[in-house]
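According to Swiss-Prot:
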REGION    1-37  region 'Disordered'
MOTIF     130-158  motif 'Q motif'
MOTIF     284-287  motif 'DEAD box'
REGION    508-552  region 'Disordered'
REGION    517-537  region 'RNA-binding RGG-box'
COMPBIAS  542-552  compositional bias 'Polar residues'
């Protein structure tokens, strides 16, 4: 069997070479338990999947991630016997080291890495780049970078770019807000532009797996920003919304697919797309995907992709579960760590812990909002449950504060509207549940308020990491009650590592049995933001309450 030979036709242009011709009309499919690998269509030949149909009709799904991970998806997908497949070679090494980089001595490189708290593992790791020009990106990418006003690559970008452009498998560990998305998106553009053009029936060339639909949407925005000039098409595939539009996007052909694992398996299992053309694979927020129970789906997906692909894994932490996944599916990978691989907070965030009772929380919250409103800043308020988020939003709106709630029970249309209101500044207060702490990317959030302390310190670190992003500073207030004392010892460790003030009451809780809140996984969901009175989105629940006499 083979994927078929190359036929004529020109590939994409660009400074990394003109690409290759398209794939020829191979006729063999891959048998697996009665279903052919690729849904009955040959690789490069045959008919496309049709029109997909459907529109944005029907209700929008509820749960965060659309409940993808809760079902036995992919039960019909068998592992491909890649030893029996004649794989067509593809290009993945595009890196030409800039003379300025080559001329740097080892001591200069070590000094730069030390200044960025960067550690490296692996053989023959390329030197980092210190400017965008040194990375050797095509002009169409450089022009977009300059439009965004960045002065230099972030720490993770400076090392990940030469690694990824070299075709290496890569593990990158860095805190949230460190520029990881651009770290893998820009090399993806270069990779795709050197591959043969898509043929009818082909699936994506670059596949990016993400834990939540919000993160998938945000990655798609970044990919569209940089890929538009070379006419790269993207699609985002996630649960909680009708499948019809996503099927249509897949069947029209998209070089880049950003997907949550459950919905992607659903699409592949139903023959709506295939992963035969994937040669560039990214697992973003790998630790979070495993936290949310996606490991079985991830393993099924990776078994459907050719083993000589390039694989990049990005994660905020490096627990044993992520290490095991990397060991199973990455080949001779290089690793870059920014900061410690232990759980640590963003040092650009000032952490203020206020010990109080449940009854005192609302009074403290109003006091903090009065301060924040005077600065005209944006704030996210995190709660432990959807009910608390709704109750608190109702209270704030009736008291004159322009708050909006977002969580897993909100329909996708309303969630999108709330996020737009928050980003625009029309709704500067967003009340959210914990899962949103990983899916939200708004760079100008000045404050985070943990109205409820999370059930684990990992969520605490990621929630306060919604502020202090992209080199900015931020402030995080956390209300800590005696009921949270089990998390005191781990919280003290996080505060001490970041050189933050530790309240005396917290130290006492830590001494007297307050340890072991754990870094376990939570299943909470949601996110919210906004301000009433601007229409659209079909507001429900607390978001539909009129704002009282304005206090903002």
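Using N, Cα and C of the backbone, Cβ positions are placed for all residues, glycine too.
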Q | Intrachain neighbours beyond the motif 'DEAD box' (284-287), with Cβ under 8 angstroms and 6 or more residues off its ends | A | 180-181, 184, 208-211, 215, 219, 313-319, 321-322, 325-326, 438
Q | Same-chain residue ranges lying at least 6 outside the motif 'Q motif' (130-158) that approach it to Cβ under 8 Å | A | 14-16, 95-96, 98, 100-101, 112, 116-118, 165, 172, 174, 178-180, 182-183, 186, 189-190, 193, 225-226, 229-230, 336, 338
**Q.** Tally of residues which DSSP labels helix, strand or coil - the motif 'DEAD box' (284-287)
**A.** 2 helix, 0 strand, 2 coil
Q) Can you tell me how the residues of the motif 'Q motif' (130-158) break down into helix, strand and coil by DSSP? A) 16 helix, 0 strand, 13 coil
